[in-house]
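So that you can see what the record holds, here are the features copied from TrEMBL:
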{"type": "DOMAIN", "residues": "B:10-98", "note": "domain 'PDGLE'"}
{"type": "TRANSMEM", "residues": "B:12-31", "note": "transmembrane segment"}
{"type": "TRANSMEM", "residues": "B:70-94", "note": "transmembrane segment"}
Amino acid sequence: MHIPDGFLDAKTWITTTAAGAGAVAYSLRQAKLALEPKRVPLIALVGAFVFAAQMINFPIAGATSGHFLGGTMVSILFGPWIGALVMTAVLLVQAVVYQDGGITALGANVLCTGFIGCFVGYGSYMLGMKLFRGKGRAIVAWMSAWLSIVAASAGVAVLLAASGTFNLATALTAMVGWHMLIGIGEGMITMLVTGYLMERNAVMTGGGFKNERLSRNRA
Amino acid sequence: MNAYRVTEHRKRWIILALITIAIACLLSPWASSHPDGLERVAEDHGFLHQETAVNELAAIPDYEVAGIPWAAVSIGLAGAIGIMIMAAVLFGLTRSLTRSGGDRNEQRTDGLEGIDRI
């Protein structure tokens, strides 16, 4: 779901470029606080995986394809601020080197597939883990990734409607409809990869909020 | 979540790296070429023609390295280049984020030493 140049009108792409730049600048500061040096090569590797996986369009219904985005996956692994930065870097390389996603639409893509994807995915993952007390982690990961794609597609629909391409109700129905299907693939990959790369903490903490925050930064 | 953390088993990360290389180099040429969700919507609602490309300098447009007659090689190479760029960009970015605090302190120390010598 990479918005190309030409789909967004000037007021929309200028606004989203400014907002996207602000969000990335803020994430850089937040990520710096959460980042551990030993995570550096792992983040680089996961970013490369996201790029590779995004190349693989899988067929869905009606001569249409979808592909993985990855915001929820990276955010579950490293937190949403680092997740948003990884997604921004992927979108930047795709737009600059591969002409995939517009330059004028980069801010919009960063906001939708980057920030909406990461924060909706991470937020619903954390909520699900709390509600089910850590049980059913795989299903929670699947659902939160699915939800993040649907939310990101709704974001794109709003921007398209704001640009006057078509009205909001039609845009939302069309975009959300297709991405409810594409989200199934997103959920599968997120569930499998996070399941493979995560393990239970050997020492269970007492469950205080402070402890949770500390260990979340570590995780 | 406090109950889970990323694994420290080196083997699992190495396997992720191998999977990444396999997807980028070997699987990528076989991806579906049908329009994706957004392109489908744009086509159905008659605004696909609005698509333009501002960035005419893109080195590898549409994930095909120019001048290679075999599509599988051309796309696989585009994938290989992509994962290397991604890993390098993110390694550089995140490393600079972990180091920028320390660097500033070092520079400040250097500066003070300079002043002391004067």
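Note: Cβ is positioned from N, Cα and C throughout, glycine not excepted.
When Cβ-Cβ distances below 8 Å are used as the criterion, the transmembrane segment (B:12-31) is approached by residues 63, 71-72, 75-80, 82-83 of the same chain, each at least six residues removed from its ends. Same-chain residues lying 6 or more positions outside the transmembrane segment (B:70-94) and placing a CB less than 8 Å from one of its CB atoms are 20-21, 23-26, 28-29, 60, 63-64. Helix, strand and coil counts under DSSP for the domain 'PDGLE' (B:10-98) come to 63 helix, 2 strand, 24 coil.
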